[in-house]
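Chemist: Sharing a structure, written as structure tokens. Questions coming.
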Amino acid sequence: MVINGKGLPSNAASKQQLRKVFFDCDIDDNSILTKEEIKKAFDRFGSVFPGFRAWRALKRVDKNKDGCISLEELDDLIEYAYKRGYINIS
């Protein structure tokens with residue numbers, strides 16, 4: 001893990017970890033995340049209510065309103081998770 005001067009994971013390393021978990025949860029490996037796949041990721045992140053968090057993430061970052069997160073929307077999903085404190089993934 002990359003550590004910055006304050007002993008915390010760097011932003012880039014944390015976001016890279018989030019990206020990996022989201023890709024790991026892409027069950028059908030089609031580079032499109034469904035609500036269930038996003039829910040699984042938030043469950044792995046330790047969310048108390050992963051279903052709610054997945055629903056909320058879709059409301060915030062699904063720009064084309066197709067009910068899924070495409071590669072074009074993935075960076076926004078990662079930013080959403082990062083801003084909510086999902087940074088220490090084990």
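Note that Cβ sites are derived from N, Cα and C of the backbone, with glycine treated the same way.
Copied straight from TrEMBL:
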type	residues	note
DOMAIN	13-48	domain 'EF-hand'
DOMAIN	49-84	domain 'EF-hand'
Chemist: Let me know the model's mean pLDDT on the domain 'EF-hand' (49-84).
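Modeler: Here the mean pLDDT over the domain 'EF-hand' (49-84) amounts to 96.
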Chemist: Determine how many residues of the domain 'EF-hand' (13-48) DSSP places in helix, in strand and in coil.
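Modeler: The breakdown for the domain 'EF-hand' (13-48) reads 23 helix, 1 strand, 12 coil.
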Chemist: Per DSSP, what is the residue tally for the domain 'EF-hand' (49-84) in helix, strand and coil?
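Modeler: Final tally across the stretch: 25 helix, 1 strand, 10 coil.
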